[in-house]
Amino acid sequence: MSGDTGTTSVAPPPGETEPGHGVRIVVEYCEPCGFEATYLELASAVKEQYPGIEIESRLGGTGAFEIEINGQLVFSKLENGGFPYEKDLIEAIRRASNGEPLEKITNSRPPCVIL
């Protein structure tokens, strides 16, 4: 089609669901700590990969950045001391959407970088 601009969304074939459908993510983070920007960045990356996924944010305690997938804690900044890598979270979502068992994300990037 000439003159057609923008992106087109293609629905999955009948009987198939959109990747990430049925997966629910809850991110609990410390707003006074300035972690909202990290949450928004991570949520944007997840939505880009899985447009139909449900992501809920909650305000958490001091230093918190905790991620649950379908009610299971998969990442804790309080335990790891950093933030999750996007690729690790995307992989956990892929596993959840395929019905595979979830493992805790133990890799983390430092909360800040000193130049």
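Backbone N, Cα and C atoms are what each Cβ position is placed from, and that goes for glycine too.
Annotated features in Swiss-Prot:
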COMPBIAS  1-10  compositional bias 'Polar residues'
DISULFID  CYS30-CYS33  disulfide bond
MOD_RES   SER2  N-acetylserine
REGION    1-22  region 'Disordered'
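Sorted by the number of other CB atoms within 10 A, the disulfide-bonded residues CYS30, CYS33 start with CYS33, the lowest.
DSSP assigns CYS30 (disulfide bond) to coil, not to a helix or a strand.
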